[in-house]
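Enquirer: Before we start, here is the structure in question, set down as structure tokens.
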Amino acid sequence: EECGPNEVFNTCGSACAPTCAQPKTRICTMQCRIGCQCQEGFLRNGEGACVLPENC
């Protein structure tokens with residue numbers, strides 16, 4: 001699968017990945033999900049792009 005900038009494909013990524021709105025990793029009991037996730041150190045913004053925290 002093609003991923004966007006600053007993303008990586010993960011076969012078992014967190015279903016509760018950190019975002020600009022919720023930057024702290026939260027306790028997650030949901031199953032892992034297959035798909036593109038932000039690279040380490042990046043957060044998903046409101047438009048769905050992976051950005052550095054200072055660009056949120």
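Glycine is treated like the rest: Cβ placed from N, Cα and C.
Sharing the record's features from Swiss-Prot:
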type	residues	note
DISULFID	Cys3-Cys36	disulfide bond
DISULFID	Cys12-Cys32	disulfide bond
DISULFID	Cys16-Cys28	disulfide bond
DISULFID	Cys20-Cys56	disulfide bond
DISULFID	Cys38-Cys50	disulfide bond
DOMAIN	3-56	domain 'TIL'
Enquirer: So which one is it: of the disulfide-bonded residues Cys12, Cys16, Cys36, Cys38, which has the fewest other Cβ atoms within 10 Å?
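Expert: It is Cys12 that, of the disulfide-bonded residues Cys12, Cys16, Cys36, Cys38, has the fewest other Cβ atoms within 10 Å.
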Enquirer: Do you know offhand how many angstrom separate Cys32 (disulfide bond) and Cys50 (disulfide bond) by C-alpha?
Expert: 19
Enquirer: Going by C-alpha distance, which of the disulfide-bonded residues Cys12, Cys36, Cys38 is nearest to Cys20 (disulfide bond)?
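Expert: So, of the listed disulfide-bonded residues, the one sitting closest to Cys20 (disulfide bond) is Cys38.
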Enquirer: How do the residues of the domain 'TIL' (3-56) split into helix, strand and coil according to DSSP?
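Expert: The breakdown for the domain 'TIL' (3-56) reads 3 helix, 18 strand, 33 coil.
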Enquirer: Which residues of the same chain, at least 6 positions away in sequence, have a Cβ lying under 8 Å from the Cβ of Cys50 (disulfide bond)?
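Expert: Spatial neighbours, sequence-distant, of Cys50 (disulfide bond): Gly4, Pro5, Asn6, Glu7, Cys38, Gln39, Phe42, Leu43, Arg44.
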Enquirer: Under 8 Å Cβ-Cβ from Cys28 (disulfide bond), six or more apart in the same chain: what's there?
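Expert: Sequence-distant Cβ neighbours: Ser14, Ala15, Cys16.
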Enquirer: Ten-angstrom check, please: count other Cβ atoms within 10 Å of the Cβ of Cys20 (disulfide bond), all chains counted.
Expert: 15
Enquirer: Measuring CB to CB from Cys3 (disulfide bond), give everything in the same chain under 8 Å that is also at least six residues away in sequence.
Expert: Phe9, Cys36
Enquirer: Whole-number Å distance between the CA of Cys12 (disulfide bond) and the CA of Cys56 (disulfide bond)?
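Expert: With distance taken Cα to Cα, Cys56 (disulfide bond) is 25 Å from Cys12 (disulfide bond).
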Enquirer: Limited to the domain 'TIL' (3-56), I'd like the whole-number average of pLDDT.
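Expert: PLDDT averaged over the stretch: 91.
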